[in-house]
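Copied over from TrEMBL:
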- Cys8, Cys22, Cys25, Cys31: [4Fe-4S] cluster 1 binding site (BINDING)
- 54-210: domain 'AAA+ ATPase' (DOMAIN)
- Gly62, Lys63, Gly64, Gly65, Val66, Gly67, Lys68, Ser69: ATP binding site (BINDING)
- Cys235, Cys238: [4Fe-4S] cluster 2 binding site (BINDING)
Amino acid sequence: MEEVPHDCPGADSAQAGRGASCQGCPNQRLCASGAGATPDPAIGEIKEKMKTVKHKILVLSGKGGVGKSTFSAHLAHGLAEDENTQIALLDIDICGPSIPKIMGLEGEQVHQSGSGWSPVYVEDNLGVMSVGFLLSSPDDAVIWRGPKKNGMIKQFLRDVDWGEVDYLIVDTPPGTSDEHLSVVQYLAAAHIDGAVIITTPQEVSLQDVRKEINFCRKVKLPIIGVVENMSGFICPKCKKESQIFPPTTGGAELMCQDLEVPLLGRVPLDPLIGKNCDKGQSFFIDAPDSPATLAYRSIIQRIQEFCNLHQSKEENLISS
């Protein structure tokens, strides 16, 4: 296909060849005929690339501001504590990439090698890739329509040279939009272990998580479980727990019971988490005995158990 307009709806869209932006495009007739909606060859290329990645985990949230990127970063930090485990953290929140800041990598640049883009490494066994590394300033706005975002995600999955990786953690934007559909589509043939969904206890967050769970079921994406973040505040002096975001409708626990989804755990509020994220440091190092750290470690263990079980099932299917 020839060069497409900036606001192209995409060849597989219902508006392909019919939208206002299609007028005058050299591909208009091809898209309108449906011939342009052929399987993307990148899916096969990504499947081949992902053969060196054992486990693939998507981190989702219905709403913004619930701590999804913070969770993704600390999941990566927690898994990388085992020096024999190789971790890759991919940030596909194209318009709000906060992973470079949280991981202490602001200002870093992506380098090209003969085998593709090289990730930016926090530790020898923890590599990171984000659109934030491609911006001239952290304050630059990314104002892209769906097809351009999809192209960037495709490039990340196909062209980044991760090497041999035990866990690929994909930090997604909030909601159920183009980015989520793209990453599920591109990774479908490579087998995603599942999704971890982040919420806070109040109903205004839970109502969007229900939509997220529905999305996962529609696209046949396994759900590893739900994490209730900012789940109460434990005073460091008196150890008394206060509900900053009251679970007025029963919180994540009742929602998970109703929808038959695992609740992986609850992470209480801790001001040190925010401070460490702003400094680009792992919270686990500064507060190893914090209730939040202990909650994270329990959740990470459950995620590892799920992935190991998922791998065993796949190996049994292949052998049979």
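Every residue, even glycine, has its Cβ placed from backbone N, Cα and C.
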If you average per-residue pLDDT over the domain 'AAA+ ATPase' (54-210), what number do you get?
93
Which of the binding-site residues Cys8, Cys25, Cys31, Cys238 has its Cα closest in space to the Cα of Gly64 (ATP binding site)?
Cys8
Looking only at Cβ atoms, how many others are within 10 Å of the one on Lys63 (ATP binding site)?
20
Within 10 Å of the Cβ of Gly65 (ATP binding site), how many other Cβ atoms can be counted across all chains shown?
10
Closest of the binding-site residues to Gly67 (ATP binding site), Cα to Cα, picking from Cys22, Cys25, Cys31, Cys235, Cys238?
Cys235
To the nearest Å, how far is the Cα of Cys31 ([4Fe-4S] cluster 1 binding site) from the Cα of Lys68 (ATP binding site)?
37
Packing count at Gly67 (ATP binding site) (other Cβ atoms within 10 Å of its Cβ):
21
Which residues of the same chain, at least 6 positions away in sequence, have a Cβ lying under 8 Å from the Cβ of Gly62 (ATP binding site)?
Pro174, Gly175, Ile197, Thr199, Ser205, Leu206, Gln207, Asp208, Val209, Arg210, Lys211, Glu212
